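Undergrad: The substrate binding site annotation in Swiss-Prot covers Glu1053, Cys1085, Ser1086, Ala1087, Gly1088, Thr1089, Gly1090, Arg1091, Gln1129. Feature annotation from Swiss-Prot assigns domain 'Fibronectin type-III 3' to 485-591. Per Swiss-Prot, the feature domain 'Fibronectin type-III 4' maps to 592-674. What Swiss-Prot records for 888-1144 is domain 'Tyrosine-protein phosphatase 1', and it gives sequence analysis as the kind of evidence. The N-linked glycosylation site annotation in Swiss-Prot covers Asn75, Asn410, Asn685, and the record cites sequence analysis as its basis. What Swiss-Prot records for Ser848, Ser853, Ser863 is phosphoserine. Taken from Swiss-Prot, the feature phosphotyrosine covers Tyr865, and the record attributes it to similarity to another entry. The region 'Mediates interaction with CTNNB1' annotation in Swiss-Prot covers 771-887 and rests on similarity to another entry. Residues or ranges marked as region 'Disordered' in Swiss-Prot: 833-861. Under the heading topological domain 'Extracellular', Swiss-Prot lists 19-749, citing sequence analysis as support.
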Amino acid sequence: MARAQALVLALTFQLCAPETETPAAGCTFEEASDPAVPCEYSQAQYDDFQWEQVRIHPGTRAPADLPHGSYLMVNTSQHAPGQRAHVIFQSLSENDTHCVQFSYFLYSRDGHSPGTLGVYVRVNGGPLGSAVWNMTGSHGRQWHQAELAVSTFWPNEYQVLFEALISPDRRGYMGLDDILLLSYPCAKAPHFSRLGDVEVNAGQNASFQCMAAGRAAEAERFLLQRQSGALVPAAGVRHISHRRFLATFPLAAVSRAEQDLYRCVSQAPRGAGVSNFAELIVKEPPTPIAPPQLLRAGPTYLIIQLNTNSIIGDGPIVRKEIEYRMARGPWAEVHAVSLQTYKLWHLDPDTEYEISVLLTRPGDGGTGRPGPPLISRTKCAEPMRAPKGLAFAEIQARQLTLQWEPLGYNVTRCHTYTVSLCYHYTLGSSHNQTIRECVKTEQGVSRYTIKNLLPYRNVHVRLVLTNPEGRKEGKEVTFQTDEDVPSGIAAESLTFTPLEDMIFLKWEEPQEPNGLITQYEISYQSIESSDPAVNVPGPRRTISKLRNETYHVFSNLHPGTTYLFSVRARTGKGFGQAALTEITTNISAPSFDYADMPSPLGESENTITVLLRPAQGRGAPISVYQVIVEEERARRLRREPGGQDCFPVPLTFEAALARGLVHYFGAELAASSLPEAMPFTVGDNQTYRGFWNPPLEPRKAYLIYFQAASHLKGETRLNCIRIARKAACKESKRPLEVSQRSEEMGLILGICAGGLAVLILLLGAIIVIIRKGRDHYAYSYYPKPVNMTKATVNYRQEKTHMMSAVDRSFTDQSTLQEDERLGLSFMDTHGYSTRGDQRSGGVTEASSLLGGSPRRPCGRKGSPYHTGQLHPAVRVADLLQHINQMKTAEGYGFKQEYESFFEGWDATKKKDKVKGSRQEPMPAYDRHRVKLHPMLGDPNADYINANYIDGYHRSNHFIATQGPKPEMVYDFWRMVWQEHCSSIVMITKLVEVGRVKCSRYWPEDSDTYGDIKIMLVKTETLAEYVVRTFALERRGYSARHEVRQFHFTAWPEHGVPYHATGLLAFIRRVKASTPPDAGPIVIHCSAGTGRTGCYIVLDVMLDMAECEGVVDIYNCVKTLCSRRVNMIQTEEQYIFIHDAILEACLCGETTIPVSEFKATYKEMIRIDPQSNSSQLREEFQTLNSVTPPLDVEECSIALLPRNRDKNRSMDVLPPDRCLPFLISTDGDSNNYINAALTDSYTRSAAFIVTLHPLQSTTPDFWRLVYDYGCTSIVMLNQLNQSNSAWPCLQYWPEPGRQQYGLMEVEFMSGTADEDLVARVFRVQNISRLQEGHLLVRHFQFLRWSAYRDTPDSKKAFLHLLAEVDKWQAESGDGRTIVHCLNGGGRSGTFCACATVLEMIRCHNLVDVFFAAKTLRNYKPNMVETMDQYHFCYDVALEYLEGLESR
């Protein structure tokens, strides 16, 4: 028994041994507590009251309800309900499993609850949360023990707080004692395993799994406690084993607001288990902040960029999707996307879509809400077909009502479309003007009435369906309007020829026949007459004429009578308005009532008495009678009675005697004095109305004439008749009888002859009338002959000195108000005048800024090149200042302006059309793309990479395209044929920088491309461009087209031309050579962009400057880029356009036709008395002002130290860009020589201008001759010219041969005259004898004195030019070396004159300014002085006068 008791005691000791271990920390509240166990606690500062530490021992006065011992106590009766007090245990941070044990005392004598004792566990100083354990009620007058199994470990720390909460009963005591930290597991509370974080997407269910070890009491509750204090009960507890169980806590559809820290808590009366805090991580599914971006829209596709860089929500993003739907549609589709851009296919044209982006992160429910939608509309697609079923509904004379099939969306493929009714008809006038109009009908309407038409016209109508992406034209249908009454015959078309009793009347068809003219009706009647015998108004007579008879001869009319004529035309609808005119017949000569010559009533030696009978007036009364006496002489032809040779000039006897005439007026009688026949004695020595009737001389024979005159309205008609003959008295009787018989026979013959003459005259008059009628029928209008002196119309404009003009423009422009500047045309604003304009007394400002051909009318129809507000047009007068500001501006200059073209720029490419594009093609915008006529079997045959470009006030004036590749040559010629193009502009070489830029699309002679045959007709080669003329024929067509290709070859392989002179001349040549009625001008370079755009901008701006006085380069380029992508490719090109326009405005058009040169030149050299200057001088000053000096950087090679000795003067150096580098190597000598390559008119680099060789450079000079194949040397200075500082030594052998370095020069022959010494040399390279020799002719000009700016003789200089030209033609057109002392003024004068003569021979033009400017582009010292410039004009004049004299 004893052993059994001992064994029980031993087991009891072992079981209880852990409980007697020393705690790691704690508070027993005893005075003699173990110092090894520190007691650290505190009470909250802001509690409602404080716990009271009491020590009650036996014998201590204390309430009987309290147990003995030292502990913390709360007397609840002393505090108000709801008041709280806390005891805060020290912070704990344990590494291993431990247990917090405490004792508590809750007692109320009446059994009511004194309050609630709660225990809180605060982790890392966080919020207090909810109590993990609490106890209420009265539990007897004894201590109870509870445990806390806290699973929070280092590095985290936690605090245990004990809270006393006063109950409403307020009776009893609450005590707390022995708060101990034990280093072993709790026996009464389970320990939780580590609780892990839970991550879930918002809106999804979450679940915490709490695993606990220990024994769970039946009454034990498991809770999920949120750090903020909320509690979630366990959905279920599952026992894994007898000491392990699992509590599950589901959270349904969590949101971001529920993201917090959570821990598991088990609660039982004997203690609580508390896990670590785990985080519930709620991820918000991602949603884009911004809608997707539209990159490009097509008719059936949208290309978008997802734009997902900024999102709302959490990543990572594992999937991207596009959700799209019609804006008004019920359906939606979702497509997965793997790239940042996505193309939505198979969309409907012109339809609005909502497009959103869906983003998905990992986990269920990871797909976020759709992002903000992009609402975008697809482009319209090209219409499926043109409208069909065009037919008339009603036809009237002046209007047509047409109808067609209604259109649906499946045809229009766009909600925004227009149906245009395009029609045209001819006016039918002599000009055959065609009226063309397109009328837009209202959308949805399929009926339209065309009004204000002309009757009986063929109206050609076609329907055009247009939407923003294209157009479809229907077949042309012809309708004819109904007839109407014709318009009135134009009164001015009535032409007539009045005679005495006839009128020839001619008229023209009405300007508006309004149908088929069936007849003409002419009515006439007399309305006034000066002949009293004529009854007025007379009866009205009417005649009708056939439709092809537009004239009539009215006969049997009364002389001197006015007739009213009315002419009107008739169609099937009736008569039109009549044209009225009054025509007066001519008065006729009076008529006499003499059947034959009467016998005299009496006769004496000095008198003869005749019978005067009154005459009858015809159309006018008789005004006066006159008796004329004529001495009969044998030599005089006899006057026949009734002849027209009357006596219109009254002549007295004295006047006739003084003038030696044989006739005189013997009497003048008033008409009223001869009412009836009466005798009159000739020679009665009386005076009748101022005319003396002297006695007749007996020994003379006389002829007596009686003349009647009628005067009316300034018109006089005479008739005279011989009424008697008086013979000389000296004749015997017999001869007298014979004479009298002869006289009688003569009288009879005279009467017959007179009658015959009258008959012939009448027949002649009729023939003349008929011929006039025919002529009038053939030609509708005869201008009256006017003596005109043709004024000299000059082709060029006056120019003043550029700098002074520009300076004036800067000061004058401020006085011109804005509305004035906009309202005035360029010519008005800038005082445009041409050379030879006599109305202009001086030169104007504008004349220095812009020259040109005589001002052409500038249309004001809508131009596509509109001036912008942010970039307004620049006045020509302000252009120089504007360019200088843009080049020197620091904030906003050409760079920024050029870059602004590409802001928001979106290049479009035509898909599936690779055939006509280059490797990196510039795409053609569909809206302005040239569409070829379709071909059978090839659906893509309508495509060519070409765009229509508007000109200045001329739509689709250009076609910009790329240089044809081999496979698109046929399409290129198809386009030229289809568009009726007459000009092709090519601005590229076939190969540049070793790359093929364009295929040779034209034949050497003749070739066929598809069904088009191209024949090269002519090639004209000039220095900077080539003009080729082709003839085009196409199978199935009878027409033959002529096309010119203008090939500009001077554009450098890199950058832009150094000067714009040649390009401007090229543009003018193209403009002048292109017929006004031709189709578009085709322009191409390689890609059809940069150079092509430069050309078009220059062409348009030159016209704008001429017509409006302003240039708007920025908006012009902007408009071009809207037609074709990237039309100006570089900033350098953009600046070049400005410089070129400035040069054009400053220099102007200076070409003079040969036919006008003499008069123009005379005007140019005339000194203006106001300015004391001439136009020629002003032109030379302009030349100086536009010749920039060379910069040091431009002459870097000439300035190298090793080359300084090769320059005669450091002031005259050649620029690097035109140096002829020597090819032949000669020891240590380098390849530099002071020389420059320059162009002639027809050949590039035709001249090499250099200085007279120095002694050290003579070998280099002959190397230059040989290396560049120079067959002519022109020497314009004299040997030993100037002083010893400028030696001009002989550099050739004469005679014999001499070696200069590698070159051997041999004198072959020579000729000389007073003007010129010509030598022939043979030059060869002794190091390369196999190359053969070069024959060179040396021309030494002798007629240019040392100190003169110009040659002594123009004729001698022309002789030099002719000899050089002749030799060049014979020797195969080698280069010409021209030298003078310094390679400047004299050499430039020679080259300029040679260039001008080439112009005359090639194109009958003279342009000295162009020749000099071109030369100065290479060397600024060419044509140095005003005298030399003047001399060039003199040489041209001398040459032309020589041509005229041949």
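Quick reminder: no glycine exception, Cβ is built from N, Cα and C everywhere.
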Undergrad: Far apart in sequence but close in space: which same-chain residues, 6 or more away, have a Cβ under 8 Å from Gln1129 (substrate binding site)?
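TA: In sequence order, the residues whose Cβ lies under 8 Å from that of Gln1129 (substrate binding site) (at least 6 apart) are Thr1089, Gly1090, Gly1093.
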Undergrad: Quick one: pull the CA-CA distance for Asn410 (N-linked glycosylation site) versus Gly1088 (substrate binding site), whole Å only.
TA: 35
Undergrad: Find the shortest Cα-Cα separation between Asn75 (N-linked glycosylation site) and the binding-site residues Glu1053, Ser1086, Gly1088, and name the residue that gives it.
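TA: Nearest listed residue in space: Gly1088.
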Undergrad: Reported in the order helix, strand, coil, what are the DSSP residue counts of the domain 'Fibronectin type-III 4' (592-674)?
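TA: Once the DSSP states are binned, the domain 'Fibronectin type-III 4' (592-674) shows 10 helix, 26 strand, 47 coil.
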Undergrad: As a test of the contact definition, list every same-chain residue at least 6 positions from Asn685 (N-linked glycosylation site) whose Cβ is closer than 8 Å to its Cβ.
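TA: Result: Trp692, Asn693, Pro694, Pro695.
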Undergrad: With DSSP helix as H/G/I and strand as E/B, how many residues of the domain 'Fibronectin type-III 3' (485-591) fall in helix, strand and coil?
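TA: Going through the domain 'Fibronectin type-III 3' (485-591) residue by residue, I get 3 helix, 52 strand, 52 coil.
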Undergrad: Whole number in angstrom, please: the longest C-alpha to C-alpha distance across Glu1053, Cys1085, Ser1086, Ala1087, Gly1088, Thr1089, Gly1090, Arg1091, Gln1129 for substrate.
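TA: That value is 15 Å for the farthest Cα pair.
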Undergrad: To which of the recorded positions Asn75, Asn410, Ser1086 does the lowest count of other Cβ atoms within 10 Å belong?
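TA: Asn410, out of the recorded positions Asn75, Asn410, Ser1086, has the fewest neighbouring Cβ atoms within 10 Å.
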Undergrad: Could you tally the C-beta atoms, other than its own, that fall within 10 angstroms of the C-beta of Gly1088 (substrate binding site)?
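TA: Step by step: centre on the Cβ of Gly1088 (substrate binding site), count other Cβ atoms within 10 Å, giving 29.
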Undergrad: Among the binding-site residues Glu1053, Gly1090, which residue has the fewest other Cβ atoms within 10 Å of its own Cβ?
TA: Glu1053
